[in-house]
Every structure is written in C-alpha cells, then in structure tokens.
Amino acid sequence: AFGASPGNAARALPAAVDIQPACLGLYCGRTVLSVNGSVETYGDCGVCPRGQRTDDNKICRECLGSPDRYDWLYLGFMAMLPLVLHWFFIEWYSGKKSSSALLQHLTALLECSVAALVTLLLSDPAGSLHIRSCPVKKLSDWYTMLYNPSPDYITTVHCTHEAVYPLYTIVFIYYAFCLVLMMLLRPLLVKKIACGLGRSDRFKSIYAALYFFPILTVLQAVGGGLLYYAFPYIILVLSLVTLAVYMSASEVEFFKDLLVRKKRLVVLFSHWLLHAYGIISISKLDKLEQDLPLLALVPAPALFYLMTAKYTEPSRILSEGGNGH
C-alpha cells in the first residue's frame, strides 16, 4: 500500500468519495429512491415513511409481513378493553329494576364489533381483513421517539416512525370508531328503552365512556409497548381479582347459588373465557400437546373459592373466636 504510485491513488479516490456516511440512530434509515435492476439508489438518512421500517443495513423497507398469533391476541385484548368497560358501567348504572341492561349490552357488543370490522377493512390493504405489518423485535420498537440521534449534541435528527406498523396506530383508529358509533346509536336507544331509570341515570353509562376512552387512548400512547408484553399476565391477575370480588360481594357460597341465578353463571363463564384467553396468550399455543392441557386449569380458581368460602365466612370466624375466649 505504501508503494502505490500517485496515479493509482488518484484512480482510487473517486470510489472513496461514493461511500456515504454512516446513518446514525437506532431507527434512522435511507429511503429507496429508485431501483434499476439490482442497483438501488438511496436518499439521505432520516425518517422512514409510514408502513416501512429499517433493516439491518439501515435501509427503509416496506412492511410486507402479517401479524403473528401473539399480535392478534394483543389486538384482541385492546379491542376487549372498551367492551368490558361498557358492560361494567352499563351493569353498574342500570339498576336492579331496569330491564334495558341486556339490550344495552348487545348494543355495546354491536358497536365494538362494527368498529373492529371497519378498522380492519380500512387498514392496508384496504377492503381486506388481512393486515400488512412489521414484526415487533424489541420493546424500543414502540418508542422510536426516544431514540432520535444528536450527532453534534445540538441538532437532533428526528427519525420517529411506527416501527411496529400498524399495531400502534390501529388501536387509536378502533377507539375512534367505537366512540363515534356509541354517540350515534346509544343515546337514541337509551332514551327509548331505559324507562326504569331516572333522567339523570339513564345516560351515565355513556358519560362514563366519555371518560374512559381518553384514558384508554393515553394508556395506549404511553404504555402500548409495555401492554404488548404484559397483557397476558394483566388478564390473568385482573380476572382472578374481579372474580373473587364479585363472588364475595354477591355472597356466592355454593354451586346451587350459581344455578339459581343465571346472571351469576354468565359472569362466571365470562371470567373463565378471560382465564382461557390469558393462558392462550402466555403459551401462544406453539406446542398444542403441551399447551392445551393448561386450559384445564381455567375453572380451578372458582372451584377453590366455592369449596373454601364456607370456611372463611366472617360471621363464622367471629363466632368461633368468641367461643374460644
């Protein structure tokens, strides 16, 4: 190399000039401007367009994959949140004498189902239930705004884009359609059928939705990545806690209590479905012969409660304690 002639050095100079500087940042990339056979021309280092993310060579590539089973389970969890909250507040404010709760439950189910269907049809590719997506590789993929580089510690290169396309924004679109459909359908329905409630009470379930939809939106915006990895365990914990609270508040002690009131049986089966959903989300059903037997554990918490409730009755404990003294 030291013995190279000046002519050879001059001829090697143009090749060195064509080398582009390194693209800094974890999510900054170069867009493909044109393709001529196997030769691609790239643009400057910056943010990737929507629907693209960087590959290992810092080139923005279009998302051509499909959501895997875990991604669909996550989207199902985010779709269930407003529906479960709708049902909770409808039941909370409907009152024991109201006969309109069931119809409101069905209307909430219709609203969320139509919103989910419309959201899928409008997603790329439009008009199909198939979704074009990018794979989720790590937690930082959800928070690209935190990884904008500052080469000179003064100027920040903004490379924020949806690396987990469309798992982040599709939830916001779904919530928007849920809210619009609720405002179009529910007030007219409640005004006509909620005869057993007072004027101030019949719209309280709708007012509650106007509060929890912004909360869900902020939760997705701030903690979407955390929810993606933690939602199976959140489902299991919340379903166990709410089942114990409901059964204790309803004073369910024996199996005959469930058979007498069908409403309690519906609540029990709903919690069992949530248990099963959480177990499936954790195991992902990658190995059916190992994961399917885990579903046999779904009734275990309820059965344990029913078998031990009579031994933990507060009045019985107090009476036995008094007799002991």
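Placement of Cβ uses the backbone N, Cα and C atoms for every residue, glycine included.
What TrEMBL says about a protein is an automatic prediction, not a curated fact.
Sequence annotations record features per position, and here TrEMBL assigns transmembrane segment to 72-90 (among others).
Annotated transmembrane segment per TrEMBL: 102-122 (among others), in sequence order.
Taken from TrEMBL, the feature transmembrane segment covers 165-185 (among others).
Feature annotation from TrEMBL assigns transmembrane segment to 206-227 (among others).
Away from its own ends, the transmembrane segment (233-252) comes close to residues 77, 227, 258, 264, 267-268, 271, 274-275, 277-279, 281-282, 301-302, 305-306, 309 of its chain (Cβ-Cβ under 8 Å, at least six residues beyond either end). The transmembrane segment annotation in TrEMBL covers 233-252 (among others).
What TrEMBL records for 264-280 (among others) is transmembrane segment. Sequence-distant neighbours of the transmembrane segment (264-280) (same chain, 6+ residues past either end, Cβ-Cβ under 8 Å): 73, 76-77, 232-233, 235-236, 238-240, 242-243, 246, 250, 252, 257-258, 291, 294-295, 297-299, 301-302.
Residues annotated as transmembrane segment in TrEMBL: 292-309 (among others).
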Per Cβ pairs under 8 Å, the stretch of 72-90, 102-122, 206-227 packing most closely against the transmembrane segment (165-185): 102-122
Non-local residues, at least 6 beyond the ends, that sit with Cβ under 8 Å of the transmembrane segment (72-90): 101, 104-105, 108-109, 111-112, 116, 167, 170-171, 174-175, 178, 182, 204-205, 208-209, 212-213, 216, 220, 227-228, 231-232, 235, 277, 280-281, 284
